[in-house]
């Protein structure tokens, strides 16, 4: 089977940038024009053909890297590590960047050898170190490395130089008699005028924190790589005004050299550090990582005796976190009295830290605040093994109106406004109100009784202390930061850590547990495991040898579809820096496996063009060759097109955003990394986007793989990475067939419609036209199905209907039987059933619901939302179990799979987090912001999923006969809940039991109805699934396009009706082209597409059949 489709892609030839086939791109070959033959050396072939162009850049990089690697090896007898390999490629591509990496991977070594490399090539280098001693050490190492490189002149300056040495330095420095200049951060500050006049090919800053202490140093560094002061001042001025720095002339901005800086330990402050982003395309990064290998243990008995027992069990390498200095002193005294050697952050900490570092102290004791000395300030991967918390770190907030913080005021007032529409219209944007004005408004409109109820309602997952008028919220970020000291990346290994929490309060512990699970997906274990865990922690540190950095690490680029998804992933991976590549933002993260660069393609990059062949498909010797061009979008009118045009074909604007720029940026990054992983959506469209990117990147990086993320969580990410694969070419071919069929039939039918109706907004397609026919047929059936009914309401509130116009004042009820019935749960949602339920419940258009689902998926709240499956995996079942355990309802668990193993699951929550908890997490800024409607849709999904994994509730049903002289009707009514089950999530309506007696009719209403209901958006999608027309990914789009073309409208009851235009269009199409828009033909075509997906049918033979069909349409013209 061919590993390519034979399609032709514009801009994809690695040499000329012209059209190339995906077949040749897969092989890493330029197009046939550049290289007519496939055999032999590519570079030689291009030279012989006199066609060498862009390929030379790629070839040069590979050659230069081989030379650099040999040079590197010659200096330290080791090849570059994965980190150093990645940095070297960036260096060779003349890029400026931040070195973001853990301790022990050779950042300084890389800087020194890079300096020698540049110097050997005739360039000038400045190396900047934070202290004089480090300058001397670096100079010494450089001299050692350069013994065989006699032509490299190394000049360094320290304050300890003797007078003659200083005079010699000054002469050589002023005259530029050096290849490598080694200086301190202080030298940068003092010699600004001189350094600003010099231009270096490379400036390497070993400790950027020291340089950033003075903002003037930033100007100096930028001057040193050839950026003019005018460009710096203009960029700074634009930053202050919020303007675009791209307006500055390119020649003024363009650096002549490269700037490489080490990562910062603290976030750079002020506006000046933003110059690096604006002028060099990178932000000063900090080494942060989400990589954690921590086991959490809760100990409920909170006594000093128990604490001492645990400390003696752990022995050494302990951080003890306490809530206050006062309590800390009491604990420290007790431990010292019992022989524990410890230091305290509030008492000669620097001395204690050094003693702890060298091993003469077992334990350091400090206060657990987010910026505490022990929480953030230390990094000793081999020394710190255990974190012990004396109580849960938490925030306490007053609930008294006069003292309540803003978030409580805002949350409660927002809720109050929901039930007061007029007031809500007045208070449109609470964000604009000052806190005091907000407080006064709350006091004015909300009574103390209502306020207390709102507190209880809106903060259900916090600990509420009614006596002290406080709510207590766990400080989960401090807990994560502090416990994270125990598990660090050192070199290329991740140490094991143990976090032990002493907490008596069950409710507070559960609150922390839920938040920790949401953010880190970590679980808790029992106290009995501690001894085993201690051994594990020791073993991971013993395994870390001094040459652990020799283990090869990979640099990888991961490409997702949307920036939102990229942002979500970067949060749980914890991005260390952000870099701009053209129009792409790239987040850089450090994981245990190496460096990850995360970016987004922003959807499809290629689509069929229209001009070549038959609507973008060339027919050559019986084969169909699609031509794909980059998607262009007009910035003025928003129109999309693919043809190579200098102006928008719709509004004539020359402001065109071409996705070719994204492709070029992705190829550029691919040259830097070891591997590329494509993580587009797990469906046919995602596969095609992945394929388009893959074939474009393959010429510069053959290591391209595909992953499917069915949930955007750390668990989903790790699982996907473990199951990497190649792109599925059958899925790609299936999408090609769908797109060509849509283009051929859709274009031809649309052109005929537009010509006949003189309306360029009209369109047609198999599925949309078939569905339009259903709506029209349903209207006809509906109009013929009128009947009269009377609705009665009895004096016990029960309602029922009877056919005909009937006028009675009382009825008699006879109880036929009473019986128990177990009510089975509904299956979890798939796309059609969820669209139906959400549309009915919230009265939203299905397209809007799909957008809400897309957001919930991309932000990591639900599984993939385009699915026909109702299957629940073992992971999903564990989520249900975990939540029921948390709320004390585990006896109601009844795990169900609901379907066979397949590519997708049902739509379900990805974590055991209730809608109420999620609302709390949003308020606490733990979770990304969601609108109230997003929460409602999530609640619908959560409740249906939980119900699907629970026991069936048992009800007592009464079968009753309601009769009168003119009618009798039978009804079955639940009158008692015998056993609870899934009803705790989806309540069951239970009626008051009937008695055998006469009931009065308290109201009656006679009206005309129809036995055949019109379609709603929800029922139409149900029908599409039932009749196998369309797919989960297209249901909502089909309905949406019928609205956009003004073929259908919704009446006041949200029912679908055809417009006069819709009826005329369908009449025209059905009279002339019924064979192409009838249901059976459309269904058979869906089956053909599926057979291409599975590899049963060759996509070329299917295209041939479609082409023959199209010819019939063309003949009918």
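Quick reminder: no glycine exception, Cβ is built from N, Cα and C everywhere.
According to Swiss-Prot:
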ACT_SITE  864  active site, O-(5'-phospho-DNA)-tyrosine intermediate
BINDING   13, 16, 31, 34  Zn(2+) 1 binding site
BINDING   84, 101, 102, 103, 104, 105, 106, 107, 108  ATP binding site
BINDING   561, 681  Mg(2+) binding site
BINDING   634, 637, 648, 651  Zn(2+) 2 binding site
DOMAIN    88-284  domain 'Helicase ATP-binding'
DOMAIN    728-1114  domain 'Topo IA-type catalytic'
REGION    551-1117  region 'Topoisomerase I'
ZN_FING   3-42  zinc finger
ZN_FING   631-658  zinc finger
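Projection of Swiss-Prot feature records onto the structure.
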{"residue": "13", "record": "Zn(2+) 1 binding site", "contacts (Cβ under 8 Å, 6+ apart)": "19, 20, 30, 31, 33, 34"}
{"residue": "84", "record": "ATP binding site", "contacts (Cβ under 8 Å, 6+ apart)": "72, 105, 106, 109, 110"}
{"residue": "108", "record": "ATP binding site", "contacts (Cβ under 8 Å, 6+ apart)": "138, 206"}
{"residue": "561", "record": "Mg(2+) binding site", "contacts (Cβ under 8 Å, 6+ apart)": "600, 601, 602, 603, 680, 681, 686, 689"}
{"residue": "634", "record": "Zn(2+) 2 binding site", "contacts (Cβ under 8 Å, 6+ apart)": "640, 641, 648, 650, 651, 653, 655, 656, 657"}
{"residue": "637", "record": "Zn(2+) 2 binding site", "contacts (Cβ under 8 Å, 6+ apart)": "648, 650, 651, 653"}
{"residue": "864", "record": "active site, O-(5'-phospho-DNA)-tyrosine intermediate", "contacts (Cβ under 8 Å, 6+ apart)": "681, 682, 683, 710, 711, 857, 904, 905, 907"}
What DSSP reports for the zinc finger (3-42) is 6 helix, 4 strand, 30 coil
What three-state secondary structure does DSSP assign to residue 102 (ATP binding site)?
coil
What same-chain residues lie close to the zinc finger (3-42): Cβ under 8 Å, and 6 or more beyond its ends?
49, 51-55, 58-59, 606, 609, 618, 623, 625-630, 644, 660, 663-664, 691-692, 695-696, 698-700, 702, 726, 729, 732-733, 736, 1099
With DSSP assignments reduced to helix, strand and coil, which class does residue 108 (ATP binding site) get?
helix
Cβ-centroid neighbourhood (8 Å) of the Zn(2+) 2 site, 634, 637, 648, 651 excluded:
635, 636, 638, 639, 649, 650, 652, 653, 655
Excluding its own, the Cβ atoms lying within 10 Å of the Cβ of residue 648 (Zn(2+) 2 binding site) add up to 21
Look at each of the binding-site residues, 16, 31, 34, 651, and point out the one with the fewest other Cβ atoms around it within 10 Å.
651
Counting every protein chain shown, other Cβ atoms within 10 Å of the Cβ of residue 104 (ATP binding site) number 19
Run through the zinc finger (631-658) and tell me, per DSSP, how many residues are helix, strand and coil.
0 helix, 8 strand, 20 coil
Give me the Cα-Cα distance between residue 16 (Zn(2+) 1 binding site) and residue 102 (ATP binding site), rounded to a whole Å.
40
Across all protein chains in the structure, which of the binding-site residues 102, 106 has the highest Cβ count within 10 Å?
102
Three-class DSSP secondary structure - residue 864 (active site, O-(5'-phospho-DNA)-tyrosine intermediate):
coil
Averaged across the zinc finger (3-42), what pLDDT does the model get? Just tell me the whole number, please.
95
Quick check: with 13, 16, 31, 34 left out, which same-chain residues have Cβ atoms within 8 Å of the centroid of the Zn(2+) 1 site Cβ atoms?
14, 15, 17, 18, 19, 20, 30, 32, 33, 35, 51, 53
